[in-house]
Amino acid sequence: MMPKFETIKGVLFDLDGVITDTSVYHEQAWHELADQLQIDWQPAFAEQLKGVSREASLAVLLNATGHPNDYSAEQKAQFATEKNDRYLALLQQLSPAAIAPGMTAFLTALKAQNYRIGLASASKNAPFVLERLGLSDYFQARVDPATLRKGKPDPEIFSRCVALLGLQPAECLGIEDAQAGIQAINASGAVSVGIGAKDVLAAAQIRFETTAELTLANIRQQLK
Ligand code: BG6
Ligand code: MG
């Protein structure tokens, strides 16, 4: 059962691939690391790694070698650092111009109508990215991913974000571009809003092809 539009009081945002298209930079940085480690890049990795923490993403790549236990904890930490250095280098040009279409208007409308706004990103770089986009001030609550016991698809990050906003799950929309993220929102009891293709985000309760369609009027239409 979907709640009525009037019930919604808060919106929980994923960052990468929703607020800005940094997911392509994450993918490029992982791809470069895979090449360096002579791991065959599989097209399926792109969706599998979305929403997934740095450590869990590395585990996906190393599992593809068939001998993930050959790597020491120190080597794994080194690989994760190398990936992050590549990612940060790709972020050098990040500016408000990289905000996803319609996103500033959507955040402004939410703020003007007193919706509570939270950030539920798995990225430890999220504060830096929001700062570079000039969007930090919109978010009343942010979950620190370093404090999570389990990452997406576990609902913990969304449950914590709902609690930080002082709301109930059914009073919140969660916005995600990743399969793991939609699964996490659904398990938290919030209403899942997918941004992206239907075949990828079939589990989303509401779906828009791009952020340009993400408006309160369009959401109201879906929650009648
Ligand atoms: C998520 C991205 O938002 O953050 C993933 O979708 C990424 O691709 C994860 O692995 C962790 O990000 P970071 O910046 O902490 O390595
Ligand atoms: Mg994402």
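Every residue, even glycine, has its Cβ placed from backbone N, Cα and C.
According to TrEMBL, the protein carries these features:
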BINDING   14-16, W30, 49-54, S57, K83, 121-125, K152  substrate binding site
BINDING   D14, D16, E176, D177  Mg(2+) binding site
ACT_SITE  D14  active site, nucleophile
ACT_SITE  D16  active site, proton donor/acceptor
Rounded Cα separation (Å) that holds between S121 (substrate binding site) and E176 (Mg(2+) binding site): 10
Name the residue among the binding-site residues R54, K124 whose Cβ has the smallest number of other Cβ atoms within 10 Å. K124
Remaining residues near the recorded Mg(2+) site, that is with C-beta within 8 Å of the centroid of the site residues D14, D16, E176, D177: L15, G17, V18, S23, K50, G51, S121, I175, A178, G181, I195
Highest CB neighbour count within 10 A among the binding-site residues D16, E176, D177? E176
Which binding-site residues (D14, W30, G51, R54, K124) fall within 10 Å of D177 (Mg(2+) binding site) by Cα distance? D14, G51
Any of the binding-site residues W30, R54, S121, E176, D177 with a C-beta atom under 6 A from ligand 1? Give them in order, or none. R54, S121
Under 8 Å Cβ-Cβ from G51 (substrate binding site), six or more apart in the same chain: what's there? D14, D16, A122, G151, K152, P153, E176, D177, A178, Q179, A180, G181, A184
For a quick check of packing: other C-beta atoms within 10 Å of the C-beta of W30 (substrate binding site), how many? 23
Taking the Cβ of each of the binding-site residues and counting other Cβ atoms inside 10 Å, which one has the highest number: D14, S121? D14
Binding-site residues near ligand 2 among D14, R54, D177 (Cβ under 6 Å): D14, D177
